[in-house]
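Here's the structure, in structure tokens; my notes come after.
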Amino acid sequence: MHAAVVVFPGSNCDRDLAVAFEAAGAQVTKVWHKDTDLPEGVDIIGIPGGFSFGDYLRCGAIAANSPICRSVAAHAERGGYVIGICNGFQVLTETGLLPGALLRNAGLKYICKTVALKVETSASAFTEGYTAGDTISIPIAHHDGNYFADDETIARLQGEDRVAFTYEDTPNGAKADIAGILSSNRRVLGMMPHPERAADAGHGGTDGQALFRALTGALAAV
């Protein structure tokens, strides 16, 4: 499996994401935001956490209009896989690849801690390494992670089994406790928690490993 990790000015989790992909058996190529084309043969694109372009204007808004994001959108529209984590989730909502928006945390404070997530569905390449209903421990680190969408969108996400993860005790005010969602074809995942920070026992947790291993296995079998 070949993964491309996009790097913006202000990204700070691109190395962590690359290491998690590599540990799961993927080949990784870093892609700069000014690039216009993806590497040949890319199976999945990872958009990492951080503070792209300093979070100016709106989190993820400037990054979403960078040259590489046109190729990311085209990849997704062709049925390619994309994962956006934290700031990457914000970028995916700004590009329109995922619905909703990430607002300022309800408590108006930056939150950095490990939280309990409930796996809502195992019916995707990202989550098939878990069982629906599992509780996993994954770190969060964000100031604008409060997921919001109108009631109709929330109902559609829930009705189509597109809510991937929810918080067991919502830290940021996210509507319907949503921590991560899937696209309509289930090949784009956006999530605020950081599974790449829970993919090595030396870092204090391994609950994120199953996501990367399942994804690598699913794409290798295609």
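Just so it is clear, glycine is given a Cβ too, placed from its N, Cα and C backbone atoms.
The structure displayed is predicted, hence computed values, not measured ones.
Annotated features, as they stand in Swiss-Prot:
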ACT_SITE  Cys86  active site, nucleophile
ACT_SITE  His194  active site
ACT_SITE  Glu196  active site
DOMAIN    3-222  domain 'Glutamine amidotransferase type-1'
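Glu196 (active site) sits 11 Å from Cys86 (active site, nucleophile), counting Cα to Cα.
Under the DSSP three-state reduction, Glu196 (active site) is assigned to helix. In sequence order, Cys13, Pro48, Gly49, Gly50, Ile140, Ala141, His142, Gly145, Met191, Met192, Pro193, His194 are the residues near the residue listed as 'active site, nucleophile', counting only same-chain partners six or more apart with C-beta under 8 A. Of the listed active-site residues, namely His194, Glu196, the sparsest CB environment within 10 A is found at His194.
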